[in-house]
Every structure is written in C-alpha cells, then in structure tokens.
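As structure tokens, the structure follows; a few thoughts come after it.
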C-alpha cells in the first residue's frame, strides 16, 4: 500500500529542537526537545493545559515555534510547502467537523486532498487509497452511510480512515480516544497499533489514560508546565514519582499481571480508603473500574 | 431528497462513493433537467413582457438582423435582460455558496456581509454629493462601494490573534452593514430629490440590462468564476475544521482570502449591474446542498445552474403577472424563492454548513 509513496516507509524523521511555543506572549511550551524514532508508537502525556496538544500542533506545523524549530528530515517544517508536508505527516485533531449528511466514503476521500491537482481530478490511486483505508478500518460495508448516523466508535474510525487515506508515514493524533467508551477506545488503539505493525506508520498521540499509554506505546513523553518532565519507554516513565510530579496525584504502580507492563492504580482518597481493606488482586479491579468511570 | 444520502439499498461501491453509478446518474439527470428548464425560462423571457411575441418572431429576429418592427425591438431589449439574469443568478448563487463555505455559516450571503449596504451607501453619496446620475456611473460607484465594504469587513473581522474567524467576519459584516444603512438613511432623509433617484437603483432589477453596460464588468465575473473553480475543493477541506484542513495541506489564509475575493467580485459586480438582489445568494446554495449533498464542487455546480433559473424565471413572472408593468426581479425572487425553499426544507431538514 505504502508502495505508492516515493520514499520507503518510516524513512521520515520528525523532531522538535529547543522548541518554544507561545500564543500571543503567553509561553506554553519551553525549550522542548523530542526525537521521534521512525516506526515507533509514542504518547505525549501530561495534565490538562500542560502544553501537550500545543506541542502536537507544532509537530503538525500548525504552530510556528517562537524559538527553535520542528524539523522534518532535518529541515524546518514551517518552511516546507504545506501540501508536501501533508503527504508525509497526517494530523487527526481532537474535534474535527463532519459536514452534515456526508457519507463515510466521501469523508474518507477528503483525506486525498494533498494529492489532488488544481482541478481536483480523481485518480485510480485515490480510489485504491480510499478503498484500502475503508477496508483496514472495517468500514467498507458502511461506506455509503452518513457519518452522523453511525456509532461513536465507527465515526472515530472514519476519521482515522481519512487520515489513512492521506497515506502519511507519520500520523499525529490528539486524544483519539476521547468521548469513546472503553470498548471503542481499545478498538481505536488496536487499530493504530495494527497500522504501526503492518505499515510501519510512525504514530504519536496525546493520551490521557496512562495504562493505555503503557500498553500501546514504545515511548512516552511526560510534559509538565510546557517542559519535558520524563521521556523513555513506558517502564522508565510510568512511576509513582512521575504521577505525583506530573499529575499531582498519588498512585501505585504495579506490574500488569498479563503483560508485565506498568499499571497505574490511581489513588483518589476514595479509592485508597477502599483499597486498604481489600486483597491485592482486587485492588487493580476496583481502581481501574473507578478510572473508567472518571473518563 | 433524503434518499440521496440514504443509500443502504444501493450496492456498495468500491471506495469512492461519489463515483457510485447511481449517484452520478441521478446528478447528471438533475443537471440536464436544470439546463432544459433554463433554456425554457430564457425562451419565455424573450417572448413575454408588455408586448408578447411569438416563437417565430424570436427566430426571425435572430436570423434576420435587419428586422426592425416592434417585435424585433422588444426582443432586442429582452435578450440582454435575459443574459444579465443568467449572469447575475449564477454569480449570486455561487457567491453565496462560497461565503457559506468560508464562514462555515449557513446564513452568510452577500447582503448579510454588508456588500449591498456598502454599494447603496456609495450610490447615495454619489447622488447626493457628486451629482452622478447615469447607470454607467452607478455601476462603478456600486462596485467600489461594495468592494471597499468587503475589505473593511475583512479587516475588522481579522483583528485579534486568531485572525479572520468565521464568527468575527459575520459579526463585522452585520455591524458594518447596520452602520452603513444608518448613514445611508441619514443622508437620504433630508434630500427628497435624492430619494426618488435612489429608489430606482435600490429596488434592484434586470430592466437596465444592456450589453454595453455589462461588457466592462465581464472580466470581473470571469476572474470570479475562475477563482471559484479553484476554491471549491479547498472549501471541502475547510468544512472539516481549521486544524484538519491545515493538516491536509490547505494554506488557510490563501484559501480564505481568494474565496472571499471571488465572492466579493461576483456579488459586487452583480449588485453594480442589477442593484441589491437579496435571497438568491442565501437560498440557492442551500437548495443545491439539499439536492447534491455536502461536496462543495457539486454545490457550486448546482448553484451555478439553479441561480440563473431562479433569476430568469422570477424576472419573467414579474413581467407577466402585472402586465404591462414590471415587478422587479429582487421582489419576485423572494416571493417565489421562499415557498420553494419551504417545500425543500419540509422534505429534508436544512443541512448545516
């Protein structure tokens, strides 16, 4: 599929070099560095308002740094032709808008925008890319259904399919699981990790759920007040100290009994009180359920 | 109309639904129907009026240029009038679609954005203070007034760090429009003679349509329509939200400025030639959207056909119902457009932009 692209997959490197980002004069992100290894899945985590979405926008060249630069293959991304960048880096923002009455196939086909010429002539390759995106996201049978008539999970998959039709080697997603129930959240994350496994797409997403970040990513960047607080593999980053520092919350971290990956048990006063009386195995159960309810 | 989108019964197309055979077939049939209706409306427009002429007279007038009886004279007046109707209808319909797309506002149309009040203000000033009085002068004054107002609305709507957002542009248009309307009234009220001259311009209509008046404005229409063709697919990306559009490689400012410029060129030129004609720019794109769905390339094509049809048909009706007097087209478009639109809306709720 990605054989269409002139470059072999995962050859593109996206990086932030001493990036400072500001709205007006208010600095949101300060002197932040990030090297995104091609072919990896990464998460940016942090408290609300810490600057993680702002950083993602800058990585997608939607914001120009006041200092430093976001580079794509070593060149400042803001100086590159935006349509060229759109064939390498895709962005799924937090709340995109679906025009009323648009069908899933029509929505997904808009992901081909950067490949179309002045008059927007539609090619066989466009057809193939859209068909493939619908296939991979399991939406082929729903292609002619209006987006506003399908379930929340299907709609989110349609947006991801749009990003897939864009055929970029790097895909940036801003909280792709927000507003979805737990089954759909996992469905979306599974889809993204399949995409990474089969097409070697580099994926960077802003995530809220630390346990999902631990399960689905190769690296995690924890941002606090616009600065890098922690960076590394989930094992290195997810710690009681990190949760305390970045989220100002008490938590226990245990090893996931199935995967051995770090599992966070959020320590609200309420759940801590309940945890004290329980046996160890049930701790995780109670705590994660509680976490889900909060989402 | 709903069934157009609700195609669960239609065999699933591979990938790109727009290319699905049935949809394409229905659209082609719809366009063919519109074109036939436009041709019929044009024929009626040349035949009917204070002095109806037969189809044979029309054919004779076109084949024998030396004919100079009263029938031929009537036809010579009605042909440019019909052409103006086609031009203005297409321009206003498309300009409305563009503005709704750029502003993502279903109520955006040339008059709501202050273009008509800008033109009216300039006309009133030119009559009251400069003593201008010929249609040729009014054309350039109206064009200037509408264009300057559009630039002003854009500048006011772009103040602040987020740039020209749809909401700020709409507000700026509404505010400037009201301010200019007040100023226009203030200038008019003490000047009875100006009121009577201005009144004729203000109603808006096609009766002043003459080829020698239209000719100098044609290049502006041409530029406008070319920019429209360029904008259409970008408006499709813009409709997904600013961030996603930017991620798809759309240069937001360029698209907004050029689409805006196209809409201004088209609607200001229309206002200059035919006076302020409301309703067409608002209703035609919505009617088009109800029939062809949310793709701006199709909305614009359909608007380009539905606008002229509404305009020419309204003009014919205006000439026929109160014969031998004319009811100007601006009044009739609203009178026949409103019930037609209500019928469309009853069939399916109006689509958000």
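Note that Cβ sites are derived from N, Cα and C of the backbone, with glycine treated the same way.
Note that this is a predicted model, so its numbers are computed, not measured.
Sequence annotations record features per position, and here TrEMBL assigns transmembrane segment to B:28-50 (among others).
Per TrEMBL, transmembrane segment is recorded for B:83-101 (among others).
If you look up TrEMBL, you'll see B:113-132 (among others) marked as transmembrane segment. Using a Cβ-Cβ cut-off under 8 Å and counting only residues 6 or more beyond its ends in the same chain, the transmembrane segment (B:113-132) has close neighbours at 99, 138, 141-150, 152-153, 169-170, 173-174, 176-178, 180-181, 183-184, 187-188, 191, 194, 197-198, 201-202, 264, 267-268, 271-272, 276, 278.
Per TrEMBL, transmembrane segment is recorded for B:138-157 (among others).
If you look at the transmembrane segment (B:169-189), the same-chain residues 6 or more away from its ends with a CB under 8 A from one of its CBs are 102-103, 105, 107-108, 111-114, 116-118, 120-121, 124-125, 128, 149, 152-154, 156-157, 195, 198. Here TrEMBL flags B:169-189 (among others) as transmembrane segment.
Feature annotation from TrEMBL assigns transmembrane segment to B:213-232 (among others). Outside the transmembrane segment (B:213-232) by six or more residues, the chain places 80, 83-84, 87, 90-91, 94-95, 98, 101, 135-136, 139, 143, 255, 258-259, 261-263, 265-266, 268-269, 272-273, 296-297, 300 with a CB less than 8 A from a CB of the stretch.
Positions annotated as transmembrane segment by TrEMBL: B:272-292 (among others).
Taken from TrEMBL, the feature transmembrane segment covers B:299-321 (among others).
Among residues of the same chain six or more beyond the transmembrane segment (B:327-345), those with a C-beta under 8 A of the stretch's C-beta atoms are 1, 85, 203-207, 274-280, 283, 286-287, 290, 310-311, 313-315, 317-319, 321. Under the heading transmembrane segment, TrEMBL lists B:327-345 (among others).
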Candidate ranges B:28-50, B:83-101, B:138-157, B:272-292 - greatest C-beta contact count to the transmembrane segment (B:299-321) (under 8 angstroms): B:83-101
Folded-back contacts onto the transmembrane segment (B:138-157), same chain, C-beta under 8 angstroms, at least six residues removed: 113-123, 126, 132, 164-165, 168-173, 175-176, 180, 201, 213, 216-217, 220, 257, 260, 264, 267-269, 271-273, 275
Beyond the flanks of the transmembrane segment (B:28-50) by at least 6 residues, Cβ under 8 Å: 58, 74-75, 78-79, 81-82, 85-86, 291-292, 301-302, 305-306, 308-309, 312-313, 315-316, 319-320, 323-324
